[in-house]
Amino acid sequence: MPFDEPPAADEQREPETGRRRLRGKRGADDPVPGSGLDPEIDDESDEEEFEPVPIRRPLALAIAGFAGLLGLGLVFGAQTSGPGARIPFALVVFGVQLLYILAWTMAMRPPALPLVAGVAVAVAAGADAAAILPQVAALGPVGYVAVAGFVVGVLGQLVRRTDRAQVTESLGATLLVVIGVVAFASLIVLSRLPIGTQAIFVCLGGSGVALVVARLTDAVLPWPRLAPQVPRGAAGVVLGAMLGTLASGVIGGYVVGFTPTSGAVVGLVAATAAVLADLGVGYSEAGRLMAGEPPTMWVARHMQGPLGGFALAAPAAYAMSVFFL
């Protein structure tokens, strides 16, 4: 019978080991790479995985310092704003917008970098003017400037002779940068509201504490790692959001128009938004490196996280001030 025939020479089992040496295709019963059944195959598959990114403590401390200085600049800049003095705070916001444009365009490296950066600078200036000039403080004019800037960016991309993939990538970068600069302009509109300056103090103060604590914790206790390719720890994210909320509650107890409870609530939203945006920047940077893109300007890449955190915290502060307070 065919079942009684001896196995072929190349399929004979080796003595002592009990492992089959096949040179052809993998059979249905052979171990699958990564299943843990065959150590040699698993070792070969592990070689293709990316090595964990090391935690650089001096870098984490430097980013924490930058986040703290950025938060102090925005908070103290808001204190210079008044009914007849909107320009000083607008200049502070415009400087932060320029840093945001520099960091994000250099980090993303869109195909049409000069066009994206030029449109973003024009939108930043126009959004700040639209936040200052109207008699009634509103986000409507700022939104119109953002839409107009994005349309200009789309038209500029269509004029260029590039393939569709590059156009899509460049438009995505334009939209992301435009949204960021308009988000910072919302702080100027917020400063014109009756409780706006206090809200900026409470929300951005808590956001700054959250970002600083998160980065300092990464320098001391980066555990547990959220992903091997992202040099961040879950402890920093959670502790930063908690202490940022606490800081906002404490500030709310001393600021007119707030209570510790209301300060903690709005601070929770702003601080959580800031640390999550900062964390998301780390994941996007890891994705670019895993895709094989070369690393860009060192300073710009590490400024990107805190700037993105405050860019997301700004509209969160405006929304909480309008709908909650």
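In case you wondered, yes, glycine gets a Cβ from its N, Cα and C as well.
Feature list (source: TrEMBL):
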- 1-50: region 'Disordered' (REGION)
- 10-19: compositional bias 'Basic and acidic residues' (COMPBIAS)
- 39-50: compositional bias 'Acidic residues' (COMPBIAS)
- 59-79: transmembrane segment (TRANSMEM)
- 85-105: transmembrane segment (TRANSMEM)
- 112-133: transmembrane segment (TRANSMEM)
- 139-159: transmembrane segment (TRANSMEM)
- 171-193: transmembrane segment (TRANSMEM)
- 199-221: transmembrane segment (TRANSMEM)
- 233-256: transmembrane segment (TRANSMEM)
- 262-284: transmembrane segment (TRANSMEM)
- 305-324: transmembrane segment (TRANSMEM)
Taking the transmembrane segment (305-324) as reference, the highest number of CB pairs under 8 angstroms among 85-105, 199-221, 233-256 goes to 199-221
Apart from its near flanks, which chain residues at least 6 from the ends of the transmembrane segment (233-256) lie with a Cβ under 8 angstroms of it?
55, 198, 201-203, 205-218, 221-226, 262-264, 266-268, 270-272, 274-276, 279
Three or more CB pairs closer than 8 Å, sequence separation of 6 or more: does that hold for the transmembrane segment (199-221) against the transmembrane segment (112-133)?
no
For the transmembrane segment (262-284), find every same-chain residue at least 6 residues outside the stretch whose CB is under 8 Å from a CB in it, and list them.
67, 199, 202-207, 209-211, 214, 226-227, 230-232, 237, 240-241, 244-253, 255, 304-306, 308-313, 316-317, 320-321, 324-325
Between the transmembrane segment (139-159) and the transmembrane segment (112-133), do 3 or more CB pairs sit under 8 angstroms, pairs being 6 or more residues apart?
yes
Same-chain residue ranges lying at least 6 outside the transmembrane segment (59-79) that approach it to Cβ under 8 Å
88-89, 92-93, 96, 187, 191, 196-197, 200-201, 204-205, 207-209, 211-212, 215-216, 218-219, 222, 231, 278, 302-303, 305-307, 309-310
Same chain only, please: residues at least 6 beyond the ends of the transmembrane segment (139-159) with a C-beta under 8 Å from a C-beta of the stretch. Say none if there are none.
112, 115-116, 119-120, 122-123, 126-127, 130-131, 133, 167, 170-171, 174-175, 178-179, 182, 185-186, 189, 318
